[in-house]
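K.L.:
Not my notes, these are from Swiss-Prot:
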REGION    1-20  region 'Disordered'
TRANSMEM  23-45  transmembrane segment
DOMAIN    81-264  domain 'ABC transmembrane type-1 1'
TRANSMEM  85-107  transmembrane segment
TRANSMEM  134-156  transmembrane segment
TRANSMEM  187-209  transmembrane segment
TRANSMEM  216-235  transmembrane segment
TRANSMEM  245-267  transmembrane segment
TRANSMEM  287-304  transmembrane segment
DOMAIN    341-524  domain 'ABC transmembrane type-1 2'
TRANSMEM  345-367  transmembrane segment
TRANSMEM  395-417  transmembrane segment
TRANSMEM  452-471  transmembrane segment
TRANSMEM  478-495  transmembrane segment
TRANSMEM  505-527  transmembrane segment
Amino acid sequence: MTTEITRPPAPPSRPSESRKPSLPGLLHLVAIAAVLATIVSAWAIDFVPTALIDGSDNIVALLQRMIPPRLDDPARIGMLAVETLLMAVLGTTLAAIASVPLAFLAARNTTPHPAVQAVARAVITFCRAMPDLLFAVLFVRALGIGVLPGVLALALHSIGMLGKVFADAIEQTDAGPREAVRSTGVGYFRELLNAVVPQVVPSWIAMFVYRIDINLRMSVVLGFVGAGGIGFALQDALRGLIYPRALGIVCVILVIIAGMELLAIAIRRILLDPSRSNPLRDRIARFGLSGVLVGSCVAAFVLLKINPLALFTWVFPSVGIFTRMVPPNFDALGVDLFTAAAQTVAIGVVATAIGIALSIPAGILAARNVSPHPALYWPARAWILVVRAVPELILAVVFVAALGLGPIAGTCALAIGSIGFLAKLVADAVEEIDPGPMEAVRSVGGGWWKTLFAAVLPQSMPALVGSSLYLFDVNVRTSTILGIVGAGGVGYLLFESIRTLNFDVAGAIVIVIFVIVYAIERLSGWIRSRLV
């Protein structure tokens, strides 16, 4: 009796902790669900390994027909390459300009009203959920063939990413500087400019540079729908079955994207990791890079022959196209629409599963602190870079030519493309782990494999799961546009409805795509919040 009276009470947090599933338990549940979803999805699209084995001869034959690569008109290809680069820079810059005020309205700690925050968040979510190629198709239909639809498509889709990241950065700022500035009696805008902006500029710059890198890859494929860039020449070569010319253009694209990635690394180092020994040099470099950005945007308007007024006048003809999509017509396609939508999700699931299986080994070998030998590290890094340089839509064209029309070609394209995305994230996550556990395992005689399974994977597992879920989100979004080249999914129905001017049917398909992408994004985000 006395023992019970003197026993200290249990902490109040204990019951809630006991009800919360452990991290290993959640990982097991997610793994089981992923395996079941992969099996069901593979069955739904008739994806079997024997299909790849049977089609391997066709793939090899197609690659042999591409060799040796050639450039029939180097001057024209060079101009299209410059056009592609300028489209990416201008589109990203316009998106950043639009995202800054939108982010302040969407951030919880800077929005003037909850209703304004909800509207701003809805705009950002819509731009992120709609694929850029879909925006490009609609703008080409509204404004005609040219680079302006491509620039606008890149800008609108980029708002979805930049706006969200910018708003998240604002919400994570320290409130202390704002209170100090507010105490001096300055207004609302001066408060934001003096107290919030200095805290978020580094993360904004990093994301802006990263988005240019992404948009350069995206601008390559916009030419497939007549939205300018080097993709138009690539599509022309593939349509004419001139495969050596197509491979030559792909090599040019590889050089451009690889160069841009190296330049982005250098820019981030200059802007975000200033040298303590020579601050004057860093200041000059920053002003110089700012001048290069402004000069590139001016050059984009001149060389791309874009009237600056078109940035404001595009709204009216585009609204005319969008209004023709309302009310949406779900009856025209009937059950075929939802069958194609289910196929889109299945393609994303299977491609993600294969991509994870291929990306984790490549990412581990590409991690400098874990790779067993430089002879494995550098080829792994090069392989990741090469795969990242080739957009999934181009891979889909190759697999359609080798394996035929259908979801299998789209699944293979997304699976290979996933390596460039996920393997890099895996390598970055592994390089950031604590070296202490690795040294402890090695100190007791543990070899490379023992170190990998006992020290590396346990530390990096949450990041691997989070990146894999994000890859699934990206793959489902990308699979919605692969239908443009006959690689399965709902994209084929969408582009056919737009081509035949059935905009009410296109409106129904757009709504279905939005619901799918938004639901997947929310689901993966919820799982990441539980695991990471």
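Positions of Cβ are set from backbone N, Cα and C atoms, glycine also.
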K.L.:
In terms of Cβ proximity under 8 Å, which residues at least six beyond the ends of the transmembrane segment (395-417) contact it?
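P.N.:
For the transmembrane segment (395-417), the list is 45-47, 51-52, 55, 58-59, 61-62, 238, 343, 346-348, 350-352, 354-355, 358, 387, 475, 478-479, 482-483, 485-489.
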K.L.:
Can you tell me which parts of the same chain pack against the transmembrane segment (23-45), counting only residues 6+ beyond its ends and a CB-CB cutoff under 8 A?
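P.N.:
Same-chain residues near the transmembrane segment (23-45) but 6 or more away: 342-343, 345-347, 349-350, 353, 406-408, 411, 461-462, 465, 488, 527, 530-531.
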K.L.:
Which one of these stretches, 345-367, 478-495, 505-527, has the most C-beta pairs shorter than 8 Å to the transmembrane segment (216-235)?
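P.N.:
That would be 478-495.
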K.L.:
Counting CB pairs under 8 Å, which listed stretch among 134-156, 187-209, 287-304, 452-471, 505-527 touches the transmembrane segment (478-495) the most?
P.N.:
505-527
K.L.:
Are there residues at least six beyond either end of the transmembrane segment (187-209) with Cβ under 8 Å to its Cβ atoms? List them, or say none.
P.N.:
92, 96, 104, 110, 161-162, 165-166, 169-170, 173-174, 177-178, 180-181, 264, 267-268, 271-272
K.L.:
Below 8 angstroms Cβ to Cβ, which residues of this chain, lying six or more residues outside the transmembrane segment (452-471), approach it?
P.N.:
23, 27, 30, 352, 355-356, 359-360, 364, 370, 418, 421-422, 425-426, 429-430, 432-434, 437-438, 440-441, 446, 524, 527-528, 531-532
K.L.:
List, by number or range, the same-chain residues at least 6 past the transmembrane segment (345-367) whose CB is under 8 A from its CB atoms?
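P.N.:
Counting only partners 6 or more residues beyond its ends, the transmembrane segment (345-367) has Cβ contacts under 8 Å with 34, 37-38, 40-42, 44-45, 47, 376-377, 380-381, 383-384, 407, 410-419, 421-427, 429-431, 452, 456, 464, 468, 471-472, 475-476, 478-479, 482, 488-489, 516, 520.
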